[in-house]
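Report on the following structure.
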Amino acid sequence: MSDSKEPSVQQLGLLEEEQLRGLGFRQTRGYKSLAGCLGHGALVLQLLSFTLLAGLLIQVSKFPSSISQEQSKQDAIYQNLTQLKAAVGELSEKSKLQEIYQELTQLKAAVGELPEKSKQQEIYQELTQLKAAVGELPEKSKQQEIYQELTQLKAAVGELPEKSKQQEIYQELTRLKAAVGELPEKSQQQEIYQELTQLKAAVGELPEKSKQQEIYQELTRLKAAVGELPEKSKQQEIYQELTQLKAAVERLCRPCPWEWTFFQGNCYFMSNSQRDWHDSVTACQEVGAQLVVIKSAEEQNFLQLQSSRSNRFAWMGLSDLNQEGTWQWVDGSPLSPSFKQYWNRGEPNNVGEEDCAEFSGNGWNDDKCNLAKFWICKKSAASCSRDEEQFLSPAPATPNPPPA
């Protein structure tokens, strides 16, 4: 390797020598030494390059530690910035802070003017409660609604009568309460009223107009007396008179029992409970009557009106149970062709084995016999003599109405 390089060095030396000669330099011993040194210049340059590279590597090897230190320093700065940003984020805008500061200043001045410590404590507690209450206030629309209601209430209070008028009303209420306290108990008042009502109805059915008029006048006077309600002893006296009058009326001849309605010589009972058609027939038979059989247009109009007023569907004694399409009454009589006009439009239609007739709205309807409905019983009214003795004699025994 050294042998191959020596010719190149020699050639470089010869070339340099020729160039120097061309420039007027003379060849001397020193001159030859300089040429030799220059022949070794490439090697020196290589050594310098290696030296610089080694130094550079050493410096680069030191960079990671400095970079790591710089990074940790940057992290610390970043953390400080983050904390500062969070603290700044909690602050309100400057104007808001100024407003709060001013309010605090005013509050401090006001507190300085407060009375003794106990009073300050009381005010502080009230402020705390007020603050809590304000925090619980609803949204603005709800507040507006409450405000309007308060305004209306204030206006209503403003319309109240003056204090003296209120006092007068209060005294009047007190006197009324005392008067009510002197009345007999409610059950007895109710009993008196019911007996008056029943007596009035019974008197309305009595024969002989002159006798009815006398009793009716007596009842009117008694009713007026009860309406005035004098002291308790007087009320007791009236109650005893009513009891005696009721006993006298019970001995009178009445064409129909209590709770029955008289019409054209017959008595009718309108039930207050419901049964199927067959049980309704039985209920009427048990009181000496029958499920109503209609004999005239007047009777039909009377019964239809009673049913419509009470808004009830009520059984009548009509069915086609024996033969489909052939309607007959419970007394065995067939339905008169002239009565077919009382059927509601489209009836009877026998939808689902509807074999029994009822009062429905303004006419008749056929329905299933096993359905529970109200019912109407009918029987003849009792006859009464116009003779005074007969008039005051006990009436013939009459069955009680069927259980309603």
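The backbone N, Cα and C atoms fix where each Cβ goes, glycine too.
Reviewing C267, C284, C356, the cysteine that Swiss-Prot connects to C377 via a disulfide bond turns out to be C284.
Check Swiss-Prot against the ranges 31-34, 83-86, 123-126, 175-178 and you find motif 'Endocytosis signal' recorded for 31-34. Looking at C253, C267, the record from Swiss-Prot puts C256 in a disulfide bond with C267. With a cut-off of 8 Å between CB atoms and residues at least 6 apart in sequence, the same chain places P348, D366, D367, K368 near E354 (Ca(2+) binding site), listed in sequence order. Calculated from their C-alpha atoms, the gap between N365 (Ca(2+) binding site) and N80 (N-linked glycosylation site) amounts to 95 Å.
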